[in-house]
Amino acid sequence: MQFDVTIEIPKGQRNKYEVDHKTGRVRLDRYLYTPMAYPTDYGFIEDTLGEDGDPLDALVLLPEPLFPGVLVEARPVGMFRMVDEHGGDDKVLCVPVNDHRWDHIHGIIDVPTFELDAIKHFFVHYKDLEPGKFVKAADWVGRDEAEAEVQRSVERFKAGGH
């Protein structure tokens, strides 16, 4: 399975950008309240609709941060299942397709534990200081579950659009 991911937030940022799906422009949503930065490039999978009503979120492992709006052809290796104040907010963990440095990463088991722990720590705590926001459940699942969620999100998009 391969798909395009639109990067919204580069690794290392505290600015939370979002693509305005009506205009196609990148908008500053907020500056994170917690003194933490995004641990990977963050964006969404094109032509999907997640459980939260937004395109399905994606995390892309890259050696250098990209710019908001850049498309990356990616493949899933796992997924971070997360529930926040709006409900399900899963994030598909991906690697770029056309970069042989990632050929050895086939599933979540191949991603270094420290990397997974750092990503989990960020998403469990990044809303801690924001009034009315929270994360109440979060854990990693494998590639098969990630691919199934991508497929469900594609079907939701086709049924309802965005």
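Every residue gets a Cβ built from N, Cα and C, even glycine.
Among the candidates D20, D29, D89, the residue that Swiss-Prot annotates alongside D52, D57 as binding Mg(2+) 1 is D89. In this structure, the CA atom of D89 (Mg(2+) 1 binding site) is 16 Å away from the CA atom of E8 (Mg(2+) 2 binding site).
Comparing the binding-site residues K16, R30 on other C-beta atoms within 10 angstroms of each C-beta gives the minimum for R30. Looking only at Cα atoms, Y126 (substrate binding site) sits nearest to D84 among the binding-site residues E8, D52, D57, D84. If you take the CA of D57 (Mg(2+) 2 binding site) and look 10 A around it, the binding-site residues you hit from K16, R30, Y42, D84 are Y42.
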